[in-house]
Amino acid sequence: MKFFSYILVYRRFLLVLFTLLILLPLPLILRNKEAECAYILFVVATFWLTEALPLSVTALLPALMLPMFGIMPSKKVASAYFKDFHLLLTGVICLATSIEKWNLHKRIALRMVMMVGVNPAWLTLGFMSSTAFLSMWLSNTSTTAMVMPIMEAVAQQIISAEAEVEATQMTYISGSTNYGLETDENVNEHETSERKEKTKPVPGYSNDAGKISSKMELEKNSGTGNKYRTKKDHMMCKLMCLCVAYSSTIGGLTTITGTSANLIFAEHFNMRYPDCHCINFGSWFLMSFPAAIIILLLSWIWLQWLFLGFNFKEMAQCGKTATAKQKACAEVIKQEYQKLGPIKYQEIVTLVLFIVMALLWFTRDPGFVSGWSVLFSEYPGFATDSTVALLVGLLFFLIPAKRLTKTIPTGETVAFDYSPLITWKEFQSFMPWDIAILVGGGFALADGCEESGLSKWIGNKLSPLGSLPVWLIILISSLLVTSLTEVASNPATITLLLPILSPLAEAIQVNPLYILLPSTLCNSFAFLLPVANPPNAIVFSYGHLKVTDMVKAGLGVNIVGVAVVMLGMFTWIVPMFDLHTYPSWAPAVSNETMP
């Protein structure tokens, strides 16, 4: 047993060692550049999938191994670790830093939830919409971390308010009067039939009149081991947790900066096909926004039906008197919003810069009309989305947020400096350097596959797939990516598969976008497991969910996501990129048109 305990302790070290040794015969026996690059690819892929080493550390292996095997010189490998992607990421993180520093993200989220009302179904949709919108511009991890405390407060207030109503009703029935709570005439029969609960104070919450001074103690649910009044309350907590996690992922689909996978795809595509100027912020938004909206709505319906039932009659009760729990829920959201105070100067400036960045991205080269990039027609392709991101990003370090003053010996207060919207230290705390290195390692690996001829060899071996229908090839690749991303990180998955899928598309003479676009979108569909992505892990840590809950709910959302992406690839996305024709910007293997 002691021997096995040592193996368990040193399992990562042993995995690294045995992976390097077991795969070593591949370059030693075949002795060609393709085999040597395949060895590097398999080693890196194994470490990424198993996380035997930190992802960023594994991403540095191509910088070590490609020069060692004589595939690429060290200078050329090093240049792959910093690309246009990193400049774009830098500008976006400047925006995200300012948004989070000045609480603009919380103001947007709460305002959007307040707009949709307090009906449970509409409230859930409000949380999903606001979370998805924030995730378009912030990382899905920070978005989830910000929204979840608000969601938890609202959920607990709903449960407590419902318990107070039932306790009051029971007191009324027994012949005594409780003046501490004004009951609602519209409380339904289910709410009034529950047995009376014991009370205990819960700090931090109060109703609109400050009348509720105690909260109901939640009874222990024998089936879950957690404290909930009823099964319905438990289901509501599960629903709201999953809505936040899934909508933060879905929202990231809509912008090219929304997820690291989108950025990795854009950089890989623009490097491999430099003559195609079709992927930019505007074209990506027009392509993915309809898909994200459909996925968001269908996921909302699916989750609502799965946990609480989808009651159209209840949802249509607009304008009727709200129940006590709905009033309490609305009050929590209102109180959270009031804590922010009036909108501040710093928030206004951040919002203006945010709008300016988005407008410049959309209007650079919209496609259907000439954009502002024509002003630099003498240097075509020089100004990109990263140019816009850097321009606006630098303004966050220049525009003053507040002036710094001091009192001189004469008693006069004078200004001696000013503080910008963000500082370099604050930017560093938000900058995901691990993702930057991981992406650089993927670019270096892709360059190595190209230089060694491995990409061409893979393409030739996959060419028999050309006999399959295009829709089936897209479906297979989408399901492969969706399955793989459940057990591996999203950036690692897309970084690993792009150098394989690109030569596949070229070998079977299909527009590369036909395969790369759905694979990139499906790469974000990591909904099944708590470890599949950070938002899932964050909501799971609140203790409302079991793994089986996530698997059951996530499977439906995965099916919805893949189905909608497939629908988009054969409807509105086809004319946008002329997908039915093998393009001139791809390697010239054939000019035939797809059947």
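Counting begins at 1 with the first residue displayed.
Quick reminder: no glycine exception, Cβ is built from N, Cα and C everywhere.
Looking at 119-138, 499-518, the range tied to transmembrane segment in TrEMBL is 119-138. Per TrEMBL, the listed range annotated as transmembrane segment is 343-362 (candidates: 3-22, 343-362).
A Cβ distance under 8 Å defines the sequence-distant neighbours of the transmembrane segment (119-138), meaning residues of its chain 6+ beyond its ends; these are 92, 95-96, 99-100, 105, 108-113, 144, 146-147, 151, 154, 158, 236, 239-240, 243-244, 246-252, 254-255, 257-258, 292, 296, 299-300, 303-304, 308, 310-311, 314-315, 317, 326, 329, 354. Contact between the transmembrane segment (382-399) and the transmembrane segment (284-307) is not supported, since fewer than 3 Cβ pairs fall under 8 Å when only residues 6 or more apart in sequence are counted. Tertiary neighbourhood of the transmembrane segment (343-362): same-chain residues 91, 95, 98-99, 101-104, 107, 137, 280-282, 285, 372, 385, 388-389, 391-392, 395-396, 399, 401-402, 421, selected by CB-CB distance under 8 Å and a gap of 6+ residues from either end.
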